[in-house]
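Feature annotations, courtesy of TrEMBL:
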type	residues	note
DOMAIN	49-434	domain 'Amidohydrolase-related'
MOD_RES	K149	N6-carboxylysine
Amino acid sequence: MKIIKNGTLISPQKMLIADIAIQNNKIIEISANINPSDEDEVYDASGCYVFPGFIDGHTHFDMDTGTAHTADDFISGTKAAVVGGTTTIVDFATQEKGQSLKEAYDIWMKKAKDKSSCNYRFHMAITDWNETIKEEMNKMPELGVTSFKMYMAYDSLLSNDAEILACLKKIKEIDGVLGVHCENGTLINELTKEKIAAGETSPGAHPASRPDYVEAEAINRLAYISTLADHPVNIVHLSSLAGLNEIRNARKRNQEITVETCPQYLLLDDHYYNLDNFEGAKYVISPPLRKEKDNKALIQAIVDGEIDTIATDHCSFNFKNDKELGKEDFRKIPNGAPGVEHRPQLIYTYLVEESRIDVMRMCELMSTNPAKRYGMYPEKGALEVGSDADIVIFSPDYEGVITASKQIQNVDYTPFEGFKIKGQAKNVFVNGECVVKDGTIVKENQGTYVFGPRKRV
Ligand SMILES: [Zn+2]
């Protein structure tokens with residue numbers, strides 16, 4: 001048995017000083033004082049917060065864009081996740097045109113299986129909707145896939161409104177979740193053409209070609225599609241106040257809608273695109289970074305309970321060779337940035353330490369809500385007897401600075417270079433194994449596939 005003693009246990013509703021006993025991969029007891037026997041392993045959590053393991057509901061590991069490949073695969077990506085306190089990631093298995101969903105699932109399973117240091121699960125990104133796929137959707141829950149994604153932008157990935165509506169109706173039948181990348185791809189293509197025609201080829205043209213209204217319009221349209229299908233949707237990586245206002249409008253009409261954002265949309269603004277030496281390319285992500293007013297509005301929305309989850313959209317490309325593909329033409333810069341490693345520290349430092357939210361809300365945004373949204377609760381997302389022993393002992397005393405030279409993410413930069421941080425995942429347990437001790441990985445490859453409550457191995 002393993003016993004975590006004297007920690008402050010966090011849930012969305014309460015904080016409680018208590019001990020936790022772990023047997024195999026489960027929490028078997030929580031009480032004021034658990035007396036260890038000689039053979040028990042004891043972990044002292046005095047002065048630390050004890051969270052249910054953090055869940056990152058939005059990562060892209062081992063992904064190819066056709067011209068570039070992500071710097072992180074499941075080996076490095078999940079190591080980076082777990083060292084930061086993230087014990088489960090939900091990655092996007094992406095269907096290519098002509099592929100069945102099972103084929104895409106098998107490809108992603110092969111990328112992740114026996115290589116992952118944290119637990120993993122997949123959203124199925126659908127890029128080729130048709131009658132055969134519609135039929136195949138019925139079988140996805142048997143594979144543990146209950147969440148899906150569609151894109152409203154990117155020519156190679158996007159679905160039109162009719163396809164999104166049909167897919168969402170099917171998802172309602174199988175009681176699944178649809179997350180949508182909300183940006184109007186047609187408008188982006190047009191605005192991009194204008195920029196190129198005007199000779200604007202630098203990273204600064206990237207945010208200009210996809211302004212906030214392009215996100216807002218897509219969110220508004222999706223909200224009505226959701227009403228037509230009579231099934232809620234999940235807005236992934238919300239970036240703007242304009243987009244948030246459309247969510248508010250939809251909710252005023254009693255439309256049920258959940259919202260994810262990411263640290264980059266809270267802590268970084270669009271001045272980074274003007275950096276010298278092509279450094280702005282490091283921040284070429286979609287949706288793009290916005291204005292300081294957007295950062296502030298989204299933080300306030302988190303405080304006010306309008307945002308449900310914080311993920312990362314980790315999609316790392318090296319600056320050297322990969323981002324540099326777009327040196328002469330911003331359209332060729334692979335879109336994405338790393339983030340999976342530092343999310344808990346960034347949110348703790350800039351939201352909890354700044355007294356914007358408390359640790360209970362942090363737990364809700366980063367563990368409990370994603371577990372609920374993606375069908376993993378209460379096995380994940382909760383410190384309860386019977387829950388999986390995915391646990392983070394988080395020390396609030398640690399002080400440090402984020403720097404690419406020290407990160408586990410296998411990428412040559414971080415958009416948060418030089419950011420001061422407080423707090424650290426001191427010990428991390430995955431499936432009952434202590435995999436991080438004093439902030440260092442001591443055991444790799446302990447992650448397993450998460451089926452969710454419908455079925456599990
Ligand atoms: Zn993404």
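Don't overthink the numbers, they just go from 1 along the chain as shown.
A Cβ is built for glycine as well, from the same backbone N, Cα and C atoms used for every other residue.
Heads up, TrEMBL stuff is auto-annotated, nobody curated it.
For K149 (N6-carboxylysine), the same-chain residues lying six or more positions away in sequence with a CB closer than 8 A to its CB are F92, H123, M124, A125, I126, L178, G179, V180, H181, V236. Under the DSSP three-state reduction, the residue listed as 'N6-carboxylysine' is assigned to strand.
Confidence over the domain 'Amidohydrolase-related' (49-434), given as mean pLDDT on the 0 to 100 scale, stands at 97.
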